[in-house]
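Single-structure report; data block below.
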Amino acid sequence: MSLPNSSCLLEDKMCESNKTTMASPQLMPLVVVLSTICLVTVGLNLLVLYAVRSERKLHTVGNLYIVSLSVADLIVGAVVMPMNILYLLMSKWSLGRPLCLFWLSMDYVASTASIFSVFILCIDRYRSVQQPLRYLKYRTKTRASATILGAWFLSFLWVIPILGWNHFMQQTSVRREDKCETDFYDVTWFKVMTAIINFYLPTLLMLWFYAKIYKAVRQHCQHRELINGSLPSFSEIKLRPENPKGDAKKPGKESPWEVLKRKPKDAGGGSVLKSPSQTPKEMKSPVVFSQEDDREVDKLHCFPLDIVHMQTAAEGSSRDYVAVNQSHGQLKTDEQGLNTHGASEISEDQMLGDSQSFSRTDSDTTTETASGKGKLRSGSNTGLGYIKFTWKRLRSHSRQYVSGLHMNRERKAAKQLGFIMAAFILCWIPYFIFFMVIAFCKNCCNEHLHMFTIWLGYINSTLNPLIYPLCNENFKKTFKRILHIRS
C-alpha cells in the first residue's frame, strides 16, 4: 500500500516523486502508536484545562497563556492528528474537498496558534522579569486576554489563503481529487515567507528574550544573596539593652516588636500604657539598645509605626520602660532606674544617609521641670518628622520586598518557560529545516523522514501538558487531586 504524505504546517504533498510502499500489516503498529499519542494528547490537555478551571490557585494571568497553548494543542490532538491517521490508513483522500479544507485550516491555525502562544508567553515572562513593578500595573487578565485573542486572530488568517488562494491570485491550479493539499503547495516564495514569519523569526526572538530573562533572574539572585549576606532579615534583628547586672532574662532575645510592646509597671506591679495623645511626665535615664554591628541599624525602619508614649505610674519606680524620641538627629530609647557611665553611639550615616543613632547617656536622675516638658514636646515634634521619614523608608522597602517575591515567582516561571521553549524548538526545528530543503529541492525528499518530522511537531502538543506539573507545584498538586494520586 502506498504511504501517503500528510498535510502539516506549511507542507502539502511535496514529495510526490519519492513515494514508497508499505504493506498494511506493517502499517498497523505505527497506526496504534500514533493513535495512542493522539489519545494521550487529548487527555492531558483536557486535564490541564480542567485543572485551571477547578483550582483557584491556578487562576492567574500567566496561566491564561497556558490555557491558550492547551487549547491549540487540544485542537491538534482532537482534530489534526486523527485525520492525519485516517489519511494514512486510506492511502488517499476520499472525504471530499470541504472536509479537506477544514482539516488543512485546523492544521495551519492550531499549529500557528501553538507557536504564537509560546511566543506571547515568552514576552510576558520577559516583561515580568525586566520591569516587575511597572508591568504589574498592566499585567491584567483583560490585557492578557486581548493579547491571546490577537495571537489567535493572526493564526486564523491562514484561512484566507487556504480557502481563497486561486481567487486572490487569479489562477487555477491543477488539483488531484484523491489528495488533500492546498492550492499554494508548490509556491516556493509564499511558503518560505510564511515559514520565516511563523517559525524562524518568533524562535529567534524567543531565544533573545529568554537569554535576557535568564540574565536578569541570575543577576537578581546574586543581588539577593549579597543583600541577605550583609543585612539580616527582619526576624533576625535583635535589640539588646545594656544590662551590666546580667539578668537571667536577656532583652537581646526579644524581637524589635516585642521590645516596643514591653509595658511599664507601677509600684504595685500593674502595667500602665497610655495612648499617644498623652504626654509623658517623666523621662528617666536613657539607655541605648546595642547592636552587634552597624548593618543591623538599617532594619529599624521596619518597626510597625504604632509609636506610643509610656509613663510610669509612680515616681521612683524601678521598673523600666521604652520611649521613642528623636532630638538633634538622634533616636533615643530610655529606661528608668539604670545608671550607666560613658556614652557610646552607633552611627548609621552610611546606611540611612543621616546622623540618626542609638545613644546612651550617663544620667540616673530626672526632675519634672517646665524646661524638661518643653524638651519633651520639642522631641515629640521632631519624632513626628522621624515617623514620616520612617514611613517613606518602609514604603520603599515594602516595594523591594514585593519585587523580591515577584522575582521569586518569575524565577520559577522562567524555568517552566525554558522547558516549554526547549520542547518547542526540539520538536519543530527538524520539520522546518526539512521544509526549507524541499522548498528549493522538491526531489530531495525522503517520505519516511518527512512523516517523522511532521509527527515530531505534533508530539510537541503532547509534551507541553507534561511540562506544566513538572515545573509548577500548583499544577502538580491539582493533577494529583484530580487523578486521586496520593503523595
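In case you wondered, yes, glycine gets a Cβ from its N, Cα and C as well.
Under the heading compositional bias 'Basic and acidic residues', Swiss-Prot lists 238-261. Here Swiss-Prot flags 353-370 as compositional bias 'Polar residues'. What Swiss-Prot records for C100-C180, C441-C444 is disulfide bond, and it gives sequence analysis as the kind of evidence. Swiss-Prot lists N5, N18 with the feature N-linked glycosylation site. The phosphoserine feature in Swiss-Prot is assigned to S230, S344, S347, S380, S396, S398. Residues or ranges marked as region 'Disordered' by Swiss-Prot: 238-292, 345-377. The topological domain 'Extracellular' annotation in Swiss-Prot covers 1-29, 90-97, 165-188, 441-446. Residues or ranges marked as topological domain 'Cytoplasmic' by Swiss-Prot on the basis of a curator's inference: 51-64, 124-144, 212-416, 470-487. Annotated transmembrane segment per Swiss-Prot: 30-50, 65-89, 98-123, 145-164, 189-211, 417-440, 447-469, in sequence order.
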Exercise. Whole-number Å distance between the CA of C441 (disulfide bond) and the CA of C180 (disulfide bond)?
Worked result: 21
Seminar exercise, completed: Cβ density check for C100 (disulfide bond), other Cβ within 10 Å (all protein chains) comes to 21
Problem set entry | Whether the transmembrane segment (30-50) meets the transmembrane segment (447-469): three or more C-beta pairs under 8 angstroms | yes
For this session: Which residue among the disulfide-bonded residues C180, C441, C444 has the fewest other Cβ atoms within 10 Å of its Cβ, if you could check?
Result: C441
Exercise. Rounded to the nearest angstrom, how far is the Cα of C180 (disulfide bond) from the Cα of C444 (disulfide bond)?
Worked result: 21
Seminar exercise, completed: For the transmembrane segment (447-469), the candidate among 65-89, 98-123, 417-440 having the most Cβ pairs under 8 Å is 417-440
Exercise. Cβ pairs under 8 Å with the transmembrane segment (189-211): which stretch of 65-89, 98-123, 417-440 has the most?
Worked result: 417-440
Exercise. Could you count the residues of the topological domain 'Cytoplasmic' (51-64) that DSSP puts in helix, in strand and in coil?
Worked result: 11 helix, 0 strand, 3 coil
Seminar exercise, completed: Sequence-distant residues near the topological domain 'Cytoplasmic' (51-64) by C-beta distance (under 8 Å, 6 or more away from its ends) are 70, 121, 124-125, 128, 139-141, 144-145, 148, 413, 474-475, 478-479, 482
For this session: Sort C444 (disulfide bond) into helix, strand or coil using the DSSP assignment.
Result: coil
Problem set entry | DSSP helix/strand/coil residue counts for the topological domain 'Extracellular' (90-97) | 2 helix, 0 strand, 6 coil
Seminar exercise, completed: C100 (disulfide bond) falls, by DSSP collapsed to helix, strand or coil, into helix
For this session: Summarise the topological domain 'Cytoplasmic' (470-487) by DSSP state, stating how many residues are helix, strand and coil.
Result: 12 helix, 0 strand, 6 coil
